[in-house]
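**Student:** Supplied in structure tokens, the structure appears directly below.
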Amino acid sequence: MSRRYDSRTTIFSPEGRLYQVEYAMEAIGHAGTCLGILANDGVLLAAERRNIHKLLDEVFFSEKIYKLNEDMACSVAGITSDANVLTNELRLIAQRYLLQYQEPIPCEQLVTALCDIKQAYTQFGGKRPFGVSLLYIGWDKHYGFQLYQSDPSGNYGGWKATCIGNNSAAAVSMLKQDYKEGEMTLKSALALAIKVLNKTMDVSKLSAEKVEIATLTRENGKTVIRVLKQKEVEQLIKKHEEEEAKAEREKKEKEQKEKDK
């Protein structure tokens, strides 16, 4: 029945749905997991890398995380070629604003500008929506550290912690459970990101080569965007595994004591 309504982007189904937009969202559901967490002293992006070929030159290739300007970065989930077009557009919008007003573009304004383009692709015939969701992290003088998410329909929102991609529902419920508002430091946010990725990624054991993490902080009045080196990610994973093992031991000891009673 739906085939009559899903061949074109602009046709509504009898239930008032745009199937092509929903199919674009479906493409994101199969992409690698990306999550963002807002902390008091910074904000981070963590993403699952799927293309981990050992011959890949990582100097020229970033699968998941892209720097947009001095104050913003983004992570993508979905069709990578679509993501490249959108990240280039984001950089152009940011540079035009800087040239015109001699100051960096506010985070939300950049997100809104891109979402207007995304929305246009759901409204005009002969085009298809971009099969990409983005997480944006940034800092501006108006609202400080910020985290935004946008989807193929052009819809966007500000978040304290969120996830897109594969197993995002499970990741969001974990974040909801473990996110402590007002108490999150970047250090605890990194530990939480590793914990969530460990539970939601479709791998038996989490490895540093499959994870990409970027942090955004402020130092001496300037924004610093850092992509964590593989060794740093390895240390975070190792620390998480040690804590998991410790918690498991304590649980067993507690159960044993209860049995002895």
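Here the Cβ of each residue, glycine as well, is placed from N, Cα and C on the backbone.
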**Student:** According to Swiss-Prot, which residue among Lys54, Lys67, Lys127 is annotated as N6-acetyllysine?
**Tutor:** Lys127
**Student:** In Swiss-Prot, which of these is labelled N6-acetyllysine: Lys141, Lys160, Lys176, Lys210?
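**Tutor:** Record lookup, Swiss-Prot, feature N6-acetyllysine, residue Lys176.
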**Student:** Of the residues Ser81, Ser168, Ser173, which is given the phosphoserine tag by Swiss-Prot?
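**Tutor:** My reading of Swiss-Prot gives Ser173.
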**Student:** Swiss-Prot annotation phosphoserine: which of Ser75, Ser188 has it?
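**Tutor:** Going through Ser75, Ser188 one by one, Swiss-Prot flags Ser75 as phosphoserine.
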**Student:** Tell me the Cα distance separating Lys176 (N6-acetyllysine) from Ser75 (phosphoserine), rounded to the nearest angstrom.
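**Tutor:** On Cα coordinates alone, these residues lie 20 Å apart.
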**Student:** Got a sec? Which of these modified residues, Ser13, Ser75, has the most Cβ atoms within 10 Å?
**Tutor:** Ser75
**Student:** Between Lys127 (N6-acetyllysine) and Ser173 (phosphoserine), what C-alpha distance do you get in Å?
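**Tutor:** One finds 35 Å between the Cα atoms of these residues.
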